[in-house]
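Taken straight from TrEMBL:
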- 6-23: transmembrane segment (TRANSMEM)
- 44-71: transmembrane segment (TRANSMEM)
- 125-146: transmembrane segment (TRANSMEM)
- 158-178: transmembrane segment (TRANSMEM)
- 198-219: transmembrane segment (TRANSMEM)
- S205, N237, L354: Na(+) binding site (BINDING)
- 231-252: transmembrane segment (TRANSMEM)
- 342-363: transmembrane segment (TRANSMEM)
- 384-403: transmembrane segment (TRANSMEM)
- 415-438: transmembrane segment (TRANSMEM)
- 459-478: transmembrane segment (TRANSMEM)
- 508-530: transmembrane segment (TRANSMEM)
Amino acid sequence: MIPFLILLVLEGIPLLHLEFAIGQRLRKGSVGVWRSINPYLVGVGIASMLVSFMVGMYYNTIIAWVLWYFFNSFQDPLPWSQCPVNENRTGFVSECEDSSPVDYFWYRKTLNTTPVIEDSGGLQWWIVLCLFCAWTLLWVCCLRGIETTGKAVYVTSTLPYLVLTIFLIRGLTLKGSVSGIKFLFTPDLLNPSTWLDAGAQVFYSFSLAFGGLISFSSYNSVHNNCEQDAVIISIINGLTSIYAAIVIYSIIGFRATERFDDCLNGNILTLMNTFDLPEGNITESNYDGFLQHLNSTVPAVFQDLQLKTCDMQTFLSQGVEGTGLAFIVFTEAITKMPISPLWSVLFFIMLFCLGLSTMFGSVEGVVVPLQDLNILPKRWPKEVYTGLVCLVSFGLAIIFAQGSGEYWLALFDGFAGSIPLLIIAFCEMMAVAYIYGIDRFNDDIKFMIGHKPNFFWQATWRLVSPLIVLVIFLFYFVTTVSKELTYIAWDPQSENFPTLETKSYPDWIYAIIFILSGVPALVIPAVALYKLIRNRCCAKEEKHTAAEQLYSISDKIQIPDELDRASRSLH
């Protein structure tokens with residue numbers, strides 16, 4: 001949370017103001033804005049469009065999962081509140097017994113997860129159906145453009161506050177909630193990944209560098225106070241993020257405490273049975289001392305016990321990892337609440353509203369640049385563009401409906417929406433400050449709101465924000481290159497099950513990573529190079545054409561015979 005707040009002030013707010021101002025002044029989408037500033041910057045808008053497309057493609061899959069849980073919430077008891085019986089009706093399903101009902105429902109009943117990313121596991125028809133519903137609903141909401149989505153946001157942005165307050169009250173009453181909140185405010189500040197994650201969260205919270213904000217701000221009045229909008233939205237967004245994080249981490253602390261207690265009690269039971277100790281002889285307070293005693297007196301027997309590692313910090317960290325935060329941590333908290341189906345319905349309505357309001361910006365960040373690029377016929381209405389984007393996205397998002405879909409989604413989340421956003425943001429700030437010209441930009445803002453930006457905006461736009469983005473990118477790049485890339489997998493056959501197992505990516509996955517991270521970033525210099533070559537070639541062709549035209553004109557001029565003879569006589 002601390003890195004998030006620092007980057008919110010020094011990176012998020014300045015870039016938010018910049019995108020609001022540039023879109024409002026030039027009255028165009030992300031491609032049109034950068035083309036107006038300099039034709040060589042069109043690649044920045046195209047990169048934003050590609051990132052919006054890829055992020056929207058997997059983000060709407062999460063909304064599909066939300067719909068699946070929403071449909072299953074109209075049951076009492078909730079299907080993830082207890083383990084199902086096995087086929088022989090002699091007991092519960094072993095995979096569920098070894099883990100928990102919420103884990104089993106998420107990984108087996110919802111995703112039908114495979115143990116490795118190489119095994120696709122086939123399509124899960126229920127996820128495909130929910131995915132189709134999610135994209136169809138999004139298209140319907142976007143049919144009327146900014147007028148409709150703007151009104152829908154009033155509902156999608158206010159309901160979550162009510163639901164979060166309810167969960168905060170409940171979360172603070174659960175055992176271990178304080179441990180989760182402490183974990184939230186004690187981050188590893190020396191880890192570059194912490195700052196990259198915080199930076200990515202800032203970009204996601206504000207939808208920065210996606211191009212959608214530039215498109216939305218182009219609908220504002222020219223004299224709208226974009227500076228005031230940026231500050232107010234940033235304060236509200238920051239406070240909301242803190243509020244939501246406290247709610248989330250209070251429940252993460254509860255779940256981590258329960259897992260820690262289960263792990264510890266399991267080890268204590270194993271020790272008591274192995275050494276035939278009376279009940280109550282080993283407690284949580286003397287557990288560590290007893291282990292040290294056994295390791296020093298009977299090391300061979302102690303090693304054969306294969307006790308599980310019970311570390312509270314590990315359980316807290318695992319509670320934050322992966323895409324299953326809402327679908328595991330919160331669903332478990334819901335089962336502890338009275339009238340749990342009601343709270344489940346409210347919770348997933350809240351998630352649907354939040355996801356839908358985010359997707360409005362992602363779709364806008366793809367549709368408007370497509371119109372600006374003139375790739376498709378201009379006579380097509382915006383509804384057709386939106387429908388085409390949703391249809392193509394749905395077709396490609398089928399990959400997330402496989403048994404390995406969660407691993408693919410985590411791959412997209414880790415690489416499509418992190419490094420490219422940093423590069424795009426850096427290019428945006430450098431383009432405005434040093435290509436468009438900061439003085440010219442200041443005059444534009446003065447024209448719109450009546451006064452020039454103060455020292456804070458000047459310092460962050462010119463130096464602080466670009467430098468922060470560059471440092472985060474370099475640190476992340478160095479640490480990523482120097483280590484093996486891994487993913488966390490649900491594998492019932494692993495020794496440490498139900499703990500998620502860390503596995504290495506296959507070699508071919510690096511080509512996918514390059515497409516996700518490299519292509520959007522390389523589009524920027526590639527388009528600039530293409531424009532440069534094209535302009536030089538066109539300039540040569542124009543000179544050649546002009547010479548040919550001059551020759552053909554002179555060739556057509558008929559010189560009188562007398563003048564011709566006179567000129568020859570002179571020679």
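Each residue, glycine too, has its Cβ placed from N, Cα and C.
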Next on the checklist: Test of understanding: give the count of other CB atoms lying within 10 angstroms of the CB of N237 (Na(+) binding site).
Outcome noted: 17
Checklist entry - Looking only at DSSP and grouping its letters into three states, which state does L354 (Na(+) binding site) belong to? => result helix
Checklist outcome for this item: Taking the transmembrane segment (44-71) as reference, the highest number of CB pairs under 8 angstroms among 125-146, 198-219, 342-363, 415-438, 459-478 goes to 342-363
Checklist entry - For the Na(+) site given as S205, N237, L354, which other residues of the same chain have their Cβ within 8 Å of the site's Cβ centre? => result Y204, F206, T240, S241, T358
Next on the checklist: Test of understanding: applying the rule of at least three C-beta pairs under 8 Å (pairs 6 or more apart in sequence), is the transmembrane segment (125-146) touching the transmembrane segment (384-403)?
Outcome noted: yes
Checklist outcome for this item: Per DSSP (three-state), N237 (Na(+) binding site) is helix
Item to check | Folded-back contacts onto the transmembrane segment (125-146), same chain, C-beta under 8 angstroms, at least six residues removed | outcome: 60-61, 63-65, 67-68, 71, 110-111, 152, 216, 219, 356, 359-360, 363-364, 382-383, 386-387, 390-391, 393-394, 397-398, 400-401, 405
Checklist entry - Counting only residues 6+ away from its ends, which parts of the chain sit with a Cβ under 8 Å from the transmembrane segment (158-178)? => result 240, 243-244, 246-247, 250-251, 253-258, 330, 333, 336-337, 343, 346-347, 349-350, 353-354
